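Chemist: Encoded as structure tokens, here's the structure I'll be asking about.
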Amino acid sequence: MAGTTTDPVDASWLVDLRSASQDCADRGLIAASKWATDLLLSFSAKKKLALQYTLEAQERNKSSQSSFSTSTPAKALPPPTGPSFAADASGSFVETQPTTSTPQTHSHSQSQFSAQIQPPPPAQAPVRPVPSLSFNQYFDVSSLSLSAEEQNFEKERVRAEQDLLIGAKAYFDAREFNRVMYMLTGCQSAKALFLSSYSHFLLAERKAWSDWHKLDGSRTQPPTPINPTISQTMDKVKNAKDPWLLFLKALFLSRLSRREEAIEACLQSIAGYRFNWSAWILLGSCINDAEELSSILNLLPLPPTNFLVQLFLVRTLNELQSAAENELMVCDRLLSEEFFPHSMGIMSLRASVLYHLHEYESAEVQFDAILRIDPFRVDDIDIFSNILYVQDNKLKLSKLAHEFLNITRDRPEVCCLVGNHYSLRQEHEKAVKYFRRATELDRTYLTAWTLMGHEYVEMKNSHAAIEAYRRAVDINRKDYRAWYGLGQAYELLSMHNYALYYYQHATALRSYDVRLWQAQGSCYEELGRPREAIECYKRALISSELHETLLCLKLARLHTILDERAEATAYHKRVIEFCQEKDRPIHEYAKSSVEVAEWHLNQLGGDLNVAKELLEKVAASNVEEVTRATDLLKIVKARIRDREAMMNASMHG
């Protein structure tokens, strides 16, 4: 996406976003509806006025053309829009897909049982579509399109079932899923089938999770809840052409861990209705890594210059903890006056990118801007709390926690915020209480499970930490934090082989993270495998200036253990050069100075003047190595005098 521009704003965007907001709401997709509404309200006043003027001009042209070509009065034509199908019920799904770190949003109407859709485990074979194929080449487009007769039939059935659909939606909003299915019995429209099938799925998921939690702590508890009715429900939509039913098909396939088929169904759904943001989120949840994401891009039914594709890329890379400067540029472009300058959703994406880039101060400024626009916005407030936690900003985190507790106590993001507040104050038991409350509100809230594990590690309760981290891994196997946490917990139990296994999983997901390579190196040291430890520390050294001194000292020590003095001295020299360049105090490189000086002293042809200079600095300080440095300095000076005496004798001889 480097160097890619964005298609200019078109008047049809206004129509499509208005339609999507209503369509998604009609099918219970609250998160998707909120997303469309956020973009709809984010145009600048000048841009929106221009777009509206263009739409009215198009309406007048169509009306005049119609009246010119017919003798009957022209009927008001609806504005051009995508297929007139309502947006999919994935709003609930989108809300509950965790990310950690990633940033995630949860709708206010989100419920525990609608949160149970989990991304499939990455143990499956990666999806590698042929890069040269486009969407039209990969799929039989004609088989996905509704004929004119089918479209007319759907419109007629929706019109005939209108009152029943209104009643069913009211029951759906009240989470009375049995009543939804009963009311829509015998209805034939795709919209009715969607609401009925989705209600059946959510009801079955609720029971599956209830039965699963009854087995908590039992050896008979399966890794994930078992929903035996999904296959039966999917039979109703397996041959669907309607884009919303295709989304539902993808949702069921994802729950069955049939990832490749779920991706295909998502792509087909997006082709039919591109503004169903829930389909984009579901597609992203099926992707395991950045390489796979790149291969999927060729199959998208939209060009890379489309703003939907670019938002999808930024969000998915955030989920994969792979966002970079390019994603920041995309967000900046989409937040310009020409696009969506007031979009809090895109601002939040931008703040998440900054968070993953460790630019915490800039991320904090971005979240402050969001809260100035809407001080009651709960979405992503957990990410903001993570940023303040990392910055050790106790005062601001405390103020934020109290403000949002007054807004609502029943959102998992707020519970996570309060948990971070107590964790920063070292009140770990209170922190656990709020993180647990967050998981009760949303069993698939990855961030809460992971942070709960961190608290248990701080409390030295390794077994409870392992249980929390395992729940996080079951929810999302692509999040490195849970794998890393499992490694830490097993390391506390001195089970270094187990710890190494989990650290390797975490490193595979986040290969550029210095901490993970250091953790692996530490395990190899404990297992008495210095050669492997050296390789890990070298890998960590590639991308770490902050920890360069520490890593070089570890590498020097390991090479010394292996009796590789030249390699050890090379790393000690690197420590000295780094510290002197950064004007660090002598105590940070005193040990390395002594080691390098001793190597010159013992090495045939060693530079005694360099050794003398290094030792004099250490001897003149009050560091721990001063005694050893003083003793070596005496020897070095004696050697220098002897060498000078020999040179004088040879000159006079």
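Glycine residues also receive a Cβ, built from the backbone N, Cα and C atoms like all the rest.
Sharing the features that TrEMBL gives for it:
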type     : residues : note
COMPBIAS : 63-72    : compositional bias 'Low complexity'
COMPBIAS : 96-117   : compositional bias 'Low complexity'
DOMAIN   : 146-344  : domain 'Cdc23'
REGION   : 60-129   : region 'Disordered'
REPEAT   : 412-445  : repeat 'TPR'
REPEAT   : 446-479  : repeat 'TPR'
REPEAT   : 514-547  : repeat 'TPR'
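Structural setting of the listed features?
Modeler: Per DSSP, the secondary structure of the repeat 'TPR' (446-479) breaks down as 27 helix, 0 strand, 7 coil.
Beyond its flanks by at least six residues, the repeat 'TPR' (514-547) meets 480, 484, 487-488, 491, 494, 496-497, 499-500, 503-504, 506-507, 554-555, 558-559, 561-562 of its own chain at Cβ-Cβ distances under 8 Å.
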Chemist: What does DSSP give as the helix, strand and coil breakdown of the repeat 'TPR' (412-445)?
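Modeler: Each residue of the repeat 'TPR' (412-445) counted once, the result is 27 helix, 0 strand, 7 coil.
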